[in-house]
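Q: Let me begin by handing over the structure; questions about it come next.
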Amino acid sequence: CVYAVPNMESCDLNIKSNNSNHHTDRYGDQRLVVRRGQPFSVLLHLKPDFKLSETKSDTKACFGLGDSTVDTEWSASATADPSGNTVSVSISPPPTAPIGLYSLTLEQEGQKVKLGEFTLLFNAWCRGDAVYMRSETKRKEYVLAQHGLVYRGTHKRIKGTPWNYRQFDPDILDICLMILDSNPKFVSDADQDCSARRNPIYVTRVLSAMINSNDDRGVLVGEWHDYSDGVPPGRWIGSADILRQWAESGPVRYGQCWVFAAVACTVSRALGIPCRVVSNFGSAHDSDANLIIENLYDENGENISQSDSIWNFHVWVDSWMTRPDLGSEFDGWQTSDPTPQETSEGVFCCGPAPVRAIKEGELTKKYDAPFIFAEVNADVVDLVRLSDGQIVKFGGSTKSVGRFISTKAVGSEERHDITHQYKYPEGSPEERQVYEKAQHRNKLQQRGEEPGLHLKIKLAHDMIVGSDFEVFAVLTNNCMEARTCSFMFFAKTVSYNGKLGESCGFASQKVEVAPGEGHCCRIAASPSRGSASPRANPSPTGALTYLLCLLNRVFFTPRPTHVSRRIEDVGPRQEAKASLQFSPSRAGATVLLVNFDSDKLNNIKTRKSSFSTINPTLFISLSR
């Protein structure tokens, strides 16, 4: 591919050599396709004092030859041929660059000339890339393989159906980029969407939504009954025809789960994300998100369930990537499901959720872990509705969901059972423990709560500043097991300038809180009398959880500058009264403000509206 420009004999994008080095030679020699985090070279016949720039979707990065940059920036270096007529320019994209179509431009003496275009992909061969995969055998299977097997049937009769992914067909890569450019997020904010394409988590979630057409003009229309105006899902044998038809005329009729998954695999591999198609036998659809599939029957044995169901099989995809948003322990395979079943954040998509999070019941890890967990590990409950309306449980199973989870084996045509990656063996103590934890955390998530011990401070609603009051420490145990806790709970007054006063309340106790339960610790605080200093807690014995709660509540205590009337000492349970006469400065209704202060109780204010200025008398009564 040669371009003629001023002061340059030719520009060679070195497509054949670059594509071979970047494992993209199957895209052909008519276009430059490279992977991020790995340099590629172009040959220029010109003077070496120039700058190169790359632009993408209204974003631009300029870099000169020999620029010293960190590995998150673009860089370039040049090597001149001994004859001086040819310069080889090595361009290094960072391993975090957004994927997509780039334009390469030469700037020389104020003139800019487009040298050509290249497509940048994710790079499973680059250690700095989020999709890096150590095994070359697995890279060949999950990135480069164009043919595979998709498993269907029942758990007793599993059959592998051949599928042609054909991600390297000449026009497929452009169609995959078109899918990204058709998603609503790109339409809403193209620059933000393109910038987010540096993250395989984001790209995978976009694909999960765009492979189905429910919320947009995505690739496939789902249909499970009438195929008269389209192609029955069982007739498709590859992704290329589906993608080409979508590019020409919009959503393709029709697809079901294995078709959605296989097309998603094609697009993911084309963009450089390692991907595998996964089949789950006895797959649960938990519509009410309680991790239980409830089969409801009438007295005649007819199934009258309205929502939950179990499919003979269901197919989705796993994509390989790191999860810096969740922690390194959740790196690896991430499940996403492009079949439209339930909405996620208002859109028909699902995932990516770490397979490890599914196995361990960590259902607070995004995205959509509870739904995927239920697909492979929900419990089944059989119920009958009697004629009087009563619903009675008569059966169920903890083992019928999530069987023989399968994918094509690496480097062979065999079926690889990966059930152990998704769940512990059915009936094992670990599997039941995980299920109970998952149910617990699912309920917490639906209530907007987090696992662990949580402490809240509550004040009485009728609290009056400066007077005695009650404070409550409410402990909630959102753990799976009972916790023994030791409270030390005290209150102090504090002035408006942050200066702490005396302790005005203290409580200390040891309690055991059952899982899912709570405990309330009470302080009767008395700013007027104060209280003893906190006592030292006894030495801990056994497994105790210690909670130290410091309650700071501001009591504004500025001293008054003038006292109009002094009341003498008031003994216990005595009442003192004082009267004050004053002369108003003018006739008419007014507002009377009163400020009371003492050595034990201060900053007490009140008011009386519409106070008559004729014969005014004010009575102040203090009881102790």
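Using N, Cα and C of the backbone, Cβ positions are placed for all residues, glycine too.
The following feature annotations were taken from TrEMBL:
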DOMAIN    249-340  domain 'Transglutaminase-like'
ACT_SITE  Cys257  active site
ACT_SITE  His314  active site
ACT_SITE  Asp337  active site
BINDING   Asn377, Asp379, Glu426, Glu431  Ca(2+) binding site
Q: Determine, using Cα-Cα distances only, which of these active-site residues is closest to Asn377 (Ca(2+) binding site): Cys257, His314, Asp337.
A: His314
Q: In angstrom units, rounded to an integer, how far apart are the Cα atoms of Asp379 (Ca(2+) binding site) and Asp337 (active site)?
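A: Counting only the Cα atoms, the answer is 21 Å.
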Q: Counting each residue once, how many in the domain 'Transglutaminase-like' (249-340) are helix, strand and coil under DSSP?
A: 18 helix, 40 strand, 34 coil
Q: Please compute the mean pLDDT of the model over the domain 'Transglutaminase-like' (249-340).
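A: Its mean pLDDT is 93.
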Q: Between the Cα atoms of Cys257 (active site) and His314 (active site), find the distance and write it as a whole number of Å.
A: 6
Q: Using a Cβ cut-off under 8 Å and a sequence separation of 6 or more, which residues in the same chain sit near Asp337 (active site)?
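A: Sequence-distant Cβ neighbours: Ser208, Ala261, Trp316, Val317, Cys349, Cys350, Gly351, Asp368, Ile372.
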Q: Between the Cα atoms of His314 (active site) and Glu426 (Ca(2+) binding site), what distance do you get, rounded to the nearest Å?
A: 19
Q: Taking only same-chain residues 6+ apart in sequence, whose CB is under 8 Å from that of Glu426 (Ca(2+) binding site), what do you get?
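A: Spatial neighbours, sequence-distant, of Glu426 (Ca(2+) binding site): Thr398, Lys399.
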Q: Restricting to the chain of Glu431 (Ca(2+) binding site) and a gap of 6 or more, list residues whose Cβ falls under 8 Å of its Cβ, or answer none.
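A: Listed in sequence order, they are Asn377, Lys423, Tyr424, Pro425.
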Q: Mind telling me which of the recorded positions His314, Asp379 has the densest Cβ neighbourhood, counting other Cβ atoms within 10 Å?
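A: Checking each of His314, Asp379, the winner is His314.
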Q: Centre the Cβ atoms of Asn377, Asp379, Glu426, Glu431, go out 8 Å, and tell me which other residues of that chain have a Cβ in range of the Ca(2+) site.
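A: Here the nearby residues are Ala378, Thr398, Lys399, Val401, Gly402, Lys423, Tyr424, Gly427, Arg432, Val434, Tyr435.
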